[in-house]
Amino acid sequence: MKGASLISSALALCYGTQFAAAAPSSGEPGFPKGQPYDGKGKGSIIVGGTNKELDLQNPDNLGRQPTDNGVVPNLKWSFSDSKTRLLKGGWVREQVIQDLPSSHDISGAQQHLVKGAIRELHWHRVAEWGIVYEGSVLVSAVDENGRYQEEVLNYGDIWYFPKGAAHTIQGLADENEYLLVFDDADFDKIGTTFMVDDWINHTPKDILAKNFGVDPSVFENVTSPNPYILPGEVSKKNVTDGPAGELEGDSSFVYRTFQHEPEKIGGTGGKFWKIDSTNFPASKTLAATFVTLKPGGLRELHWHPNAEEWLYFHQGKAKATVFIGNAAARTFDFSAGDTAAFPDNSG
């Protein structure tokens, strides 16, 4: 009972810190002020607990759109709500199905590397798609046939690593950041990511020595647990070579977005670049568009018959209305760092 009394007191204190909002005035909607009333007699002010900043960022959650109707699940997640993992040389934060249950097909992550830092050698049971939006990185990869690729990527450049292709990423500028997209929503599931240090640490040293033809002492100082990201130095030494040859042409894992013209469209509200298997043959499981919209620009009404649409907003502000049938529709507001997943066939 004593514990219950303390909790009640804390709740009362928190509630007491709320400030009363001004009563609605006739004719002026309260949405720009973070209040749920339309100025036409519907709604009123919030007098209980609320997150004022979120209310201001999401006026459409307050009922601004009269065409919104029915029950539409939450289709939005902000990377700012994700737990950030701090590492020596960078950080990573994810959006997986546990964060956004409406995203059944795709998960995403933001990853940051300081200069010289390396995302250690690893591979996945799923495909990885990435785009650089700050800085410059060196990516290297090898496929199951021993063919390899090493490339420097800058803003707007994209990579696609098929499932099972081992790869590393190194930061070249002072600060480097990129978006990662995976063709499986449950990315944290055991058996999804395999890191070489982790494997070595869980293999007997005498077996490793016999496999590589070296003394067991070579493996005494392998980092444990696996570092994920580790500090390093940028080197100009090129050690890439192999008898199987390079991944190039239609086999290349790299696509340079801005070396191509944007798609020809009839409207003038923005631009978009299409990146799919028709112009990036290696990208067999993920198709994307890089879209820029002018203020007031509109991506016309559309739907996708065969897949969900996963979105990431890099900068600016936007809103989208999602129609899922049976008179159910909901409008979402977006800011930089937000992601979303719209159901397949939703309008």
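Residue positions begin at 1 at the first shown residue.
The backbone N, Cα and C atoms fix where each Cβ goes, glycine too.
Database features, via TrEMBL:
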type	residues	note
BINDING	His122, His124, Glu128, His167	Mn(2+) 1 binding site
BINDING	His302, His304, Glu309	Mn(2+) 2 binding site
DOMAIN	77-220	domain 'Cupin type-1'
REGION	23-44	region 'Disordered'
SIGNAL	1-22	signal peptide
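What TrEMBL annotates, mapped onto the structure for a quick look.
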residue	record	DSSP class
His122	Mn(2+) 1 binding site	strand
Glu128	Mn(2+) 1 binding site	strand
His167	Mn(2+) 1 binding site	strand
His302	Mn(2+) 2 binding site	coil
Glu309	Mn(2+) 2 binding site	strand
Going along the chain, which residues six or more apart from Glu309 (Mn(2+) 2 binding site) have their CB under 8 A from its CB?
Ala341, Phe342, Asp344
Out of His122, His124, His167, His304, which of the binding-site residues is least crowded by other Cβ atoms within 10 Å?
His304
Between His167 (Mn(2+) 1 binding site) and His302 (Mn(2+) 2 binding site), what is the CA-CA distance rounded to a whole number of Å?
36
Can you grab the distance from His122 (Mn(2+) 1 binding site) over to His304 (Mn(2+) 2 binding site)? Cα atoms, rounded to a whole Å.
33
Starting from the Cβ centroid of His302, His304, Glu309, the recorded Mn(2+) 2 site, name every other residue in that chain with its Cβ within 8 Å, sequence order please.
Trp303, Ala307, Phe342, Ser346
Just how many other Cβ atoms lie inside 10 Å of the Cβ on Glu128 (Mn(2+) 1 binding site)?
25
How long is the line from the C-alpha of His124 (Mn(2+) 1 binding site) to the C-alpha of His304 (Mn(2+) 2 binding site), rounded to the nearest angstrom?
27
When you average the Cβ positions of His122, His124, Glu128, His167 for the Mn(2+) 1 site, which other residues in that chain have a Cβ within 8 Å of that mean position?
Trp123, Phe161, Ala165, Ala166, Thr193
Could you list the residues of the same chain, at least six apart in sequence, whose Cβ is under 8 A from the Cβ of His302 (Mn(2+) 2 binding site)?
Gly347
Counting by DSSP, what is the helix, strand and coil composition of the domain 'Cupin type-1' (77-220)?
21 helix, 68 strand, 55 coil
In angstrom units, rounded to an integer, how far apart are the Cα atoms of His304 (Mn(2+) 2 binding site) and Glu128 (Mn(2+) 1 binding site)?
22
Going by DSSP, how much of the region 'Disordered' (23-44) is helix, how much is strand and how much is coil, in residues?
3 helix, 2 strand, 17 coil
